[in-house]
Each structure stands twice: as structure tokens, then as C-alpha cells.
Amino acid sequence: METRGRRPAALQHQQDQPQAHPGQRAARSAPLHRDPDYADEDPAPVERHDPGPSGRAPTTAVQRKPPQPAKRGDMLDRDAVEQVTELWDRLELLGQTLKSMPTADGLKPLKNFASLQELLSLGGERLLADLVRENMRVRDMLNEVAPLLRDDGSCSSLNYQLHPVIGVIYGPTGCGKSQLLRNLLSSQLISPTPETVFFIAPQVDMIPPSELKAWEMQICEGNYAPGPDGTIIPQSGTLRPRFVKMAYDDLILEHNYDVSDPRNIFAQAAARGPIAIIMDECMENLGGHKGVSKFFHAFPSKLHDKFPKCTGYTVLVVLHNMNPRRDMAGNIANLKIQSKMHLISPRMHPSQLNRFVNTYTKGLPLAISLLLKDIFRHHAQRSCYDWIIYNTTPQHEALQWCYLHPRDGLMPMYLNIQSHLYHVLEKIHRTLNDRDRWSRAYRARKTPK
């Protein structure tokens, strides 16, 4: 059936198009600008206003993002400059210290930049980025050891709950070995605080009364810590630690080796709490035929298994010579092997100190080993009763070598960080060497023959 005057129905979702003016060409739409970063070949149409029945192009178009200046790769931000400056101060101090040593002639001279400004100007993007990462590593190493230190930077403990504590004290006569032993206990550098201290000497009669009183006073002082409102807090399970003096011959009695024997004086004390055994002036006795090495390795574990209250076992032995010739039973050799700590007086003979440093610094650069020897030499010329401590099993690598000062306390020497900084100096030296080699090769090619 034919219908007249009806428009065909519009398709669904189809918008009405504006009718173009007769005799007028359809206006070309404005060009569409887009960011060259978008690689879409068929982008979606951009929504715009209806141009109206006149068919004119819209007056507004999508504007291009204004061009940004290219960022230079060799420009450092403020944080990077701060990192490089901080690292440069450390490198400059280490370099000047190494140059001022008496043994600096034996070291390989390292090339370096003349100043910080020269480093920032001529260092190059790659080297400066490496230095930023190296300084971040140094900061991480310092932050790792910070929880183990007090607010003033000193160590809060010598063993940090490591047990058993087997330590050897090396020092000549008059260097303050007895005072050092008392200070270790009175300043609570050995934790936990021992409740019974055994003082072993060749003969009991050779201990002066003044020294006995000093021992009793200082171990009692180390048993307490200051509390709030002027109070004191006991650091162990007793109000007054026991001080027991013994002769060396009583130490080596057979029943003192058996922890199940009721006559064992060490087992009786271990049943109450931690103990400490101090051997002073006993080097000649240790070099005899009677073996006492059980006190250094087997005895601590037996006491701890049988007496749970014995949470701490400390043995400190005094030696006047780092390499005694008389050691028939092997006690001194076994003691050095089992020892966890070596407390060394800088007044020891230089040949013995150099031998010890060469033995226990195999993993350090040669320059840092020479620096450690120079530290020993420097403190040997002073009158302070200071000590340098080597820890075989430190709580952190930075605490492996420490310096004990009567006023400053136990300070870490951070030889691991000094070794890291020396490797950075070597990296700068290699970079400058490579540049010099490339410059010589370039000039050789450009020079007419």
C-alpha cells in the first residue's frame, strides 16, 4: 500500500545530521593535532560542539602541548649533589690520612680530582651516578650498626649476648691489664653481668689487699645501673656479686672438671647464675704440662646444659707475650683458637703487633692494614691506657675492630666502611687512568707523521 508524505523511519542510535545549505560546500573539519607519543593509527574522534545549521567549522581546536625543554643527562639534582659532597668529604679525609702515614711510600699512588667542583664538572654522568650509589651504600652500612650503639656512638656491649666469652688480653707490664679487667665488669660491657667472679692467680698471697678491695668494689658497681628518681637497679639476680680468689693449683684439681661432682666450685656458682673466670699472671702456669683447655671449649656447654640459670660464661686470660715459646700442653695455642676476643695493648712489641695484624686482616686492602698498624703506632706513643680489640664473631662487621678509651668508652673503628671507601678511591683512579689512556691514543692518531 503506497503511503505519501511519510518520511522513512530513522535508524536507532542515529543522530540527525544538519542540512547543508544548497549551493554551499561542506566545510572541512579542522585538523586534529595529537601528541606524537600516541602511535594509534585510528584514534577515536574527539567530541566537539555541533557546528549548527550554518555548517561552519568550530572556532576552537585541540591545542598541542607546549614543547618542554630537553633535560640534560649530566645535570644532578639537589639530593645527588648532597650525596656526592658527603662522599667526597669522606674520601678526601681517607686519602689525606693514607698520604700522611710513614708507610705511605709502599702504597700505589691513586689519582683523584683536585676538588669537589672539579669532580662535579668533569666527573661525568656515569661516574657521578656510581658515586651516588656508593654513598647510599655507606649510609646503609652506618644505619645497620646504629641500633647497636649508644647515643654518643659508643658500643653498648662487648659481646652483645654472645656466649661463651673467651677473651685474651695481651700487654706488657704496667699497661693497665688489671684495671682493664675491672673496667670491663664495672662498666657492664660484658652481658649478662656475672654473679660470681673467680680470680685465678699463681698464688693467692701474691694478690695485694688494695687490688682485692678494688675488685670487690668494681664488680659491685657493675651490678647496678642508675634508675629513675635517683634509684639504682640491680642487673643480676643478686644484690652483691661474689668474688672468689683461687690459686692456679686449685683450678686444675680433677673434681673441678666434673660438673656432676658436688665439690666442683664452678658448678656450685653456675647453679645460681652467670660466672666469670679471670686468669691473671698465669702465663707460665698455662705453658706447663697440665692441660686446662677444657675451660675454653667443653666446660661452658656442660655448665649451661646442667644449670639453666648459668646464662653467661666468661673467661679472660692475661698474657704478657703474644707468642710465648713455652706451651708444652698446648693450652695457649688452644686458647687463641677458641678465643672470641683479642684485647691488645698498643704498647706491645711492634713486631708482634705487625704479625697479629697480618694474620687477622687477610680480607682487608693493604692500605687499610697499614692504616691499622699506624693506629697502633700512634696510640703506643700516648700515655693513655687504651686498648684495641679484635672480635672474631662480631655482632656487625663494623664492630670487628674496636678502640677502648678510658673516657670515650668502646668505639667501633668501622674498618669495613674504610675498606669500602678505599675501593671507591680505586674506582676513581681507574676512571681517570682510562681517560688519560684514551686521550693519549686520540692524540697519537691525530698527530701527523
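Glycine is treated like the rest: Cβ placed from N, Cα and C.
The following features are taken from Swiss-Prot:
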type    : residues                                                       : note
REGION  : 1-78                                                           : region 'Disordered'
BINDING : Gly171, Pro172, Thr173, Gly174, Cys175, Gly176, Lys177, Ser178 : ATP binding site
REGION  : 440-449                                                        : region 'DNA-binding'
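Confidence annotation: the region 'DNA-binding' (440-449) carries a mean pLDDT of 78 in the model. Summary of the ATP site environment: with the site residues Gly171, Pro172, Thr173, Gly174, Cys175, Gly176, Lys177, Ser178 set aside, the chain residues having Cβ atoms within 8 Å of the Cβ mean position are Ser345, Arg347. Most Cβ neighbours within 10 Å, among the binding-site residues Gly171, Gly174, Gly176: Gly171 holds that distinction in the structure as shown. In this view, Cys175 (ATP binding site) is surrounded by 19 other Cβ atoms within 10 Å of its Cβ, with every protein chain counted. The binding-site residues examined here are Thr173, Ser178; by Cβ neighbour count within 10 Å, the least packed of them is Thr173. Proximity of Lys177 (ATP binding site) to non-local residues of its own chain (separation of 6 or more, Cβ distance below 8 Å) is seen for Ile169, Gly171, Asp280, Val318, Ser345, given in sequence order. In sequence order, His320, Ser345, Arg347, Met348 are the residues near Pro172 (ATP binding site), counting only same-chain partners six or more apart with C-beta under 8 A. In the three-state DSSP reading, Ser178 (ATP binding site) counts as helix.
Across the region 'DNA-binding' (440-449), DSSP helix (H, G, I), strand (E, B) and coil residues number 7 helix, 0 strand, 3 coil. The DSSP secondary structure for Thr173 (ATP binding site) is coil.
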